[in-house]
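Chemist: Below, the features straight out of TrEMBL:
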type     : residues : note
SIGNAL   : 1-33     : signal peptide
DOMAIN   : 30-238   : domain 'GH16'
ACT_SITE : E121     : active site, nucleophile
ACT_SITE : E125     : active site, proton donor
CARBOHYD : N129     : N-linked glycosylation site
Amino acid sequence: MASRRRPCAPCDLIATAVAVVVVLSCLSGGASAAAPAPSFGDNFEITGAEDHVKTSADGQTWYLYLDNKTGVGFQTKERYLFGWFSMKLKLVGNDSAGVVTAYYVRDRMCSDVDAAPQRDELDFEFLGNRTGQPYIIQTNVYHNGVGGREMRHSLWFDPTADFHTYAILWNAKHIVFFVDKVPIRVYPNDASKPGSNGFFPVSKPMYIFSSIWNADDWATRGGLEKTDWAKGPFVSSYRDFAADACAWPAANSTAPPPACAAATGDSWWDQPPAWALDDAQRLDNAWVGRNVLIYDYCDDRKRFPTPPEECALRNAATAS
């Protein structure tokens, strides 16, 4: 069930991420000039084949193309420690077996040679399927290079018909994966040892990535369904990116960590209402568990005869 490592090479990429530039309009002579909305390129850089990316006329929507030669991705120019990250995606339509669209947060750029061994990573992976079959959304969490914490859900709508919002809330208390404001997964920290356990990422600032790539060795029915390249190219669409988060100095900067990295409580995502689900969110999360949950690593006794320690914490968090 463990997801395979995504390729991290220019020709088969995976990648990238999401941040919004804040634009201030200047006042002159009492009149304000409307500032143009930041384009996608203001926030991201392409990782991989640039000819596999197209942009809408207003620069607000990007289209990533996968063919039998290569996939492509993009990543934020900034990195963050804690915050709220969201984007709207419209997934590949029709026959998408073997195709994976990924949206994830990771502490290393894809160009880093040592990106994988000790990485922290928070994953959305959308697993394509044959025409007429539902998409599966897989989430995963890596800490210090250790993953294997997959959950899989079916979606309760057609993600290829229109754009839908996928978001991650990450603070020192928990990580929550949202689909259209519905919390499909809660991944809590251990309050008794919040910075020293073996499963929760708290110390490494991360970039945000998205990508489209071929994974027909595992993505659809365990690799039984292969990508039909005659149906390509496969196109995923992205828009309305947002990051309300603690921006971190560049990797080569000597600047000290920002104050927001110390859990000051100054940001909404680092205040008590964001530390746990509210009553309505708990009801939504319970509905997801009853109706669209396909696989939960915490219940897989073949892989984990003794459930990992974070599983008991999650049950307590969603029930409280």
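The chain as shown is numbered from 1 upward.
Yeah, the Cβs are placed from backbone N, Cα and C, and that goes for glycine too.
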Chemist: Including all protein chains displayed, how many Cβ atoms other than that of E121 (active site, nucleophile) lie within 10 Å of its Cβ?
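Modeler: Here the count is 22.
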Chemist: Is it possible to get the count of other C-beta atoms within 10 angstroms of the C-beta of the residue listed as 'active site, proton donor'?
Modeler: 23
Chemist: Within the chain of N129 (N-linked glycosylation site), which residues six or more apart in sequence place their C-beta under 8 angstroms from its C-beta?
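Modeler: Within the chain, N129 (N-linked glycosylation site) has Cβ neighbours under 8 Å at S96, A97, Y135, I136, T220, E225.
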Chemist: Could you give the mean pLDDT over the domain 'GH16' (30-238), rounded to a whole number?
Modeler: 87
